[in-house]
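Quick notes on the structure that follows.
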């Protein structure tokens, strides 16, 4: 694998362990090169209307990216504008990262709540 490749592993924040959160993320893993764009999707647990996205770099704790509630961004962490999102009427959400950098290589997590 060349130095320009980014490995992206995606897991559910609560759905990956013993707790069944009902959150579904796709794709489950992804490899991209620097400069490309990526879109990650999250379907929340039935009845949940809030979706939060997190980035977890190797050896670090999860860092809050943003939260969507009823199709509007409610809160945003300290991430550049290259990180954007959207929530659809069915409450599913997308995380978009443009102009990928090597430092964007991380675990991306979504969580849903009421």
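Cβ coordinates are placed from backbone N, Cα and C, and glycine is handled just like the others.
The signal peptide annotation in Swiss-Prot covers 1-21. Residues or ranges marked as domain 'Ig-like' in Swiss-Prot (evidence: sequence analysis): 22-114. Per Swiss-Prot, the feature disulfide bond maps to 42-110. Per Swiss-Prot, N-linked glycosylation site is recorded for 90.
Note: the Cα of residue 110 (disulfide bond) and the Cα of the residue listed as 'N-linked glycosylation site' are spaced 16 Å from each other. For the domain 'Ig-like' (22-114), the number of residues in each DSSP class (helix H, G, I; strand E, B; coil) is 3 helix, 50 strand, 40 coil.
Recorded residues residue 42 (disulfide bond) and residue 90 (N-linked glycosylation site) have their alpha carbons 11 Å apart, per Cα-Cα distance. Restricting the average to the domain 'Ig-like' (22-114) gives a pLDDT of 97. Within 10 Å of the C-beta atom of residue 42 (disulfide bond) sit 27 other C-beta atoms, taking all shown protein chains into account.
Note on the residue listed as 'N-linked glycosylation site': other Cβ atoms within 10 Å of its Cβ, all shown chains, come to 8.
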